[in-house]
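Asks: I'd like to ask you about the structure that follows.
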Amino acid sequence: MIISKIMNRPHFIYTILIILFVMGVVGYFMLPQNMFPDAERPQISIVTLEPGASSSYIADHVSRPIEKVLYSVSQVRKVSSTSRDEVSVVTAEFEYSKGLEGAATDTANALSRATNSLPQDIKQPQIYKIGAYTPPVMIWALSPQKGSNLALADVRYLAANSIADQLVKVRAIANVDIFGGYEKEVVVEINKDKLSSYDLNIADVIVALQKNNRDIPLGLVISNHKQNIFKLQIEASQIEGLNNIQINKLVTMADISNVRYGTKERTAGYHGNGEPSIALAIQRPENGSVLAAIDAAEAELEKLKAQYPQINFQVTDSSRDLVEKSNEDMFASLRDAIIMISVVMFLFLANWRIMLVAALSIPFVYLGTISLMWLFGQEINMVTLTGIILALGMLVDDAVVILENIERHLHELKEDPLTAAVKGTQEVMLAVFAGTVSTMVVLAPLLFVGEYPQKIFRPLAGTLIIAIFISYLVSITFIPLIAPKLLSKSKGKNRLEFKVQNICDFFLNPLKSFYVKKLNLLLDKRRLRLILTVNLIVLLTVSVRVLIPLSGRDLMPPMDTGIVKVDVATDSNMDIKSVENLLFGIEKKIYDTGNVKMLSSSIGSEPGVFTVGNGNTQNITVTAHFIDRFHRKDNIWEIEQKIRKQLLQMPDIKYVNVYDYGATPLSTIKAPVDVMLAGSDLKNLDITGNMVLDQMKNTGGLTGVSRSWTNDSKEFYFNIDKAKTSLYDTTPGDVVLQLSQNIQGSVASVFSIPGESGLPVRVILARDFRKDVQDFSTFLVKTPKGFVPLNNLGSISQVYRPTMITRQGMDYTLDVYGYRAQAAVTHIMSGVDKGLSTISLPPGVSLSQAGDIKELQDSLIRIFAAILIALFLLYAVLVATFKSWKAPLAIMLAIPLSLIGGAWSLILTNKHMCLPAIMGFVLLSGIIVKNSILLIDFTEEALGQGTPLREALLKSVTLRTRAILMTAFATAVGMVPIAMEWAIGLERLSPLAVVAIGGLIFGTFLTLLFVPVFYGMMSHKKSDRPTLTHNT
């Protein structure tokens, strides 16, 4: 009835298809293009600065109060903090359902409640949203052109005041971070000897600057119906004007200081392609497209090069090649899949017209899927394109079943084209629909599995469901409309088709005979059925319980994107110049490995910058881009090993971790292996951390191990003698303030520059007077009783402390990280756990796993729950379709049969059991069941016509073998580009295709034999027992 209406309204169907086609073309250009779906949980970071404060003070008095109030925010998963000298970074991680905006608002409200608990001298805490869009899509390195007379400080000033402002005005660019030190300021360098000779201290200079370098509004003057602002202008317009400021009646600034343009003392640095530079890190908007942001940035780059010829612009990190090359390769894989599927169809059908009709439907399915993806707000990435490729084989399945039946009505039953199309489609429409719905209900639970698996697999499952739905609609609309026009013109097979058919029959006919013979035998021999059933159960058990654990488990498999990350921890007390010299050596060794395209290197970090840099001044981070794996000899793990070997030979390096891009699938997972120690005593954590580190160094599969902090940072304490300070009528606070002003200086005022951000004016003791800690022992402290040497007020002592202090769950923490190449995380953790079992933890210290294994365990629980729901839904759909409680069980027997092939394919291809592999098993269940449906549907139709059970089963196998094998092989070859990793980054998804191909091929061959046998064994009526109707 439905098909008749469709055939009677062709213009309506063609219009719908054209609309989908056009929307698909528009959607293709409108959809954001990224590498992978956004899977990061919402994170909010609070950065707080307190000048002069130590890391321990920051941890206890800044980080801890903020942590406490953040735990009161709803849907918070965990709160962690990192405290370094002067800087606190507290990060709250939220559930996916929270959303970044809600998390930011609630965090701001919570922070306001902590204000009274925080020190008074902190700077205003800054709140930053962290998401999948935080990593920069592109990094530029800016440096002075040769002969330009610019310094890096000038370049940074231009970048901060002009270039960044120009970029953030572009719609596709959300933010631009500037990194690399060399922050320009006006420096007032104080000569300590001259200052003391005038009976002054540094505080007097600061007060003089604050009073004499600013404009003071005096009020409004209203007269003669006019209003004017009246102000006192004493702000210096030239740097020389600062020299003339009076400290007192007799002394000017020039008498005791040198005023010059300078830079803030560096704690961070940046190298672009091996050269000292200033980094501009460009971020995309939330939910924005990586390629759109890069296109916009590159368009501005050409303008900026012309606008600033004195600056050398280099691209040192870019996601363009990765995303663009990956998507190009995926579209090429889609093309190859279409070609291979078409070839398989022709080999099995030996009919180019049927192949052509099926091929013509592919663009409508593809573009129809894209159009709905656009409407539902999805994006083009590797996962969604994989879904489209996987759906191609299913499209062929639907199309070929209908086309074959139309051709049978047309040529065998000699019906007219219209009748053949209507009846041929109507007859198999229910079976095709049942197969389509079966696959959709198997995938549907993955849309709501929750947490990380949902974020990764919802785009894949959603795209597949859309494509399968569109495929079914095209199969029952477009194919019945166009098939009669092409198939009715056929006057028989041509010469090539005859040859192909003969070749196909040469292989298929013996196979059919084999199945018929063995099916007859099994229907007769109960003992043989029992033996084979027991063997299958044993094989299934071995596959699931032995082979899969043997292959190892992973959260996500590693991938060769051509990007290598290098983290280096140097001696904890090296200054930035020494670290930078070491970096030059590191970069040279990386370049020596060959095939390097770009190099982005950072030293330390800057407050509020999350795109570039990490850790303290002694931490180096390098991102190296190599040419893609299709154009180099060594894979990325071999390159990593070469780099690792070279760097470990360098002096002054504590740890070297070299790993591939995407080594952890989430930014909240700090390393593939992360053993976290927690407690209230930093000393116990340090001792236990060393024991854990020693054990992990001996663990197989790990390429590098390191600690989050070490207790070897040299620190000097001035121990104030309160009795002596009271003798001079001063206080410890006064002493601390004077010391701080001399050592790190103090920003006294701002030097204004019209139309630009002003420069801070920093008053600080000249470098010659603060080269060594011992210089301060004779430092003169101003007291009401005159100047007193510092060593008269106390003593200086040396201690060692942590390089930073980390906290989580309101406890101090220490993480021991382990990095790997390609070993399965479960295999590694087996060795780690064995080593950790020998460690006796001190009282108050707890140990937990926080790496890939923790996320994997949570994900497996969710996915297995989703699989159980999917199997129940599948059974329910089959019961409703076949109106039987037992027939669906026979149909679903194909699922465990296919699991055997999937498990063996993992072992044979050296793949690990991971989330994509599990997705492959889920998808395999939906595909393989369609083959069983074709067999059982034909059998039940024959039984309904009075055919004996044995005859119905034998006829079903004989007539359906070609169609079942063709759809199985067509679906399998469609996945070959994914399994063979023909696109950059497909290593992440290739286990899915490997499992599906192995399980589909192996399961299909077993299905043709064992599903009919099992169905016969479950026959309701005694008269229908196979042994009672023996027709050979």
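In case you wondered, yes, glycine gets a Cβ from its N, Cα and C as well.
Quick paste of what TrEMBL says about this protein:
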- 287-314: coiled coil (COILED)
- 12-31: transmembrane segment (TRANSMEM)
- 356-376: transmembrane segment (TRANSMEM)
- 427-448: transmembrane segment (TRANSMEM)
- 460-483: transmembrane segment (TRANSMEM)
- 528-548: transmembrane segment (TRANSMEM)
- 863-882: transmembrane segment (TRANSMEM)
- 889-909: transmembrane segment (TRANSMEM)
- 915-938: transmembrane segment (TRANSMEM)
- 959-980: transmembrane segment (TRANSMEM)
- 992-1015: transmembrane segment (TRANSMEM)
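Walk me through the surroundings of each of these features.
Replies: For the transmembrane segment (427-448), the residues of the chain that approach it from at least six positions outside its boundaries are 2-3, 394, 397-398, 401-402, 405, 454, 457-458, 460-462, 464-465, 468-469, 471-472, 475-476, 863, 866-867, 869-871, 873-874, 877-878, 881-882, 919, 922-923, 925-927, 929-930, 933-934, 937, judged by C-beta separation under 8 angstroms.
With a threshold of 8 Å between CB atoms, the same-chain residues lying at least 6 positions outside the transmembrane segment (528-548) that come near it are 521-522, 896-897, 899-900, 903-904, 906-907, 913, 1006, 1010, 1013, 1017.
Nonlocal intrachain contacts for the transmembrane segment (889-909), taken as residues 6+ away from its ends with a CB within less than 8 angstroms of a stretch CB, comprise 536, 539-540, 543-544, 547-548, 550-551, 871, 874-875, 878, 882, 917, 920-921, 924-925, 928-929, 931-933, 936, 979, 991, 994-1004, 1006-1007, 1010-1011, 1014-1015, 1018.
Outside the transmembrane segment (915-938), and at least 6 residues removed from its termini, the chain residues within Cβ reach (under 8 Å) are 390, 393-394, 397, 401, 430-431, 434-435, 438-440, 442-443, 446, 453, 456-457, 460-461, 464, 555-557, 859-860, 863, 866-867, 870-871, 874, 878, 881-882, 887, 890-895, 897-899, 902, 906, 952, 955-957, 959-960, 963-964, 967-968, 971, 988-996, 999-1000, 1003-1004, 1007-1008, 1011-1012, 1015.
Outside the transmembrane segment (959-980), and at least 6 residues removed from its termini, the chain residues within Cβ reach (under 8 Å) are 332-334, 336-337, 340-341, 343-345, 348-349, 386, 389-390, 392-394, 396-397, 400-401, 404, 504, 508, 511-512, 515, 909, 927, 930-931, 934-935, 938, 986, 989-990, 992-994, 996-997, 1000-1001, 1004, 1007-1008.
Beyond the ends of the transmembrane segment (992-1015), by six or more residues, the same chain brings 386, 390, 515, 518-519, 522-523, 529, 532, 536, 887, 889-891, 893-895, 897-902, 904-906, 908-909, 911, 916-917, 919-921, 923-924, 927-928, 931-932, 935-936, 939, 953, 956-957, 961, 964-965, 968-969, 971-972, 975-976, 978-979 to within a C-beta distance below 8 angstroms of the stretch.
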Asks: Between the stretches 12-31, 356-376, 863-882, which one has more Cβ pairs under 8 Å with the transmembrane segment (460-483) than any other?
Replies: 356-376
Asks: Over the coiled coil (287-314), what does the predicted model average in pLDDT?
Replies: 93
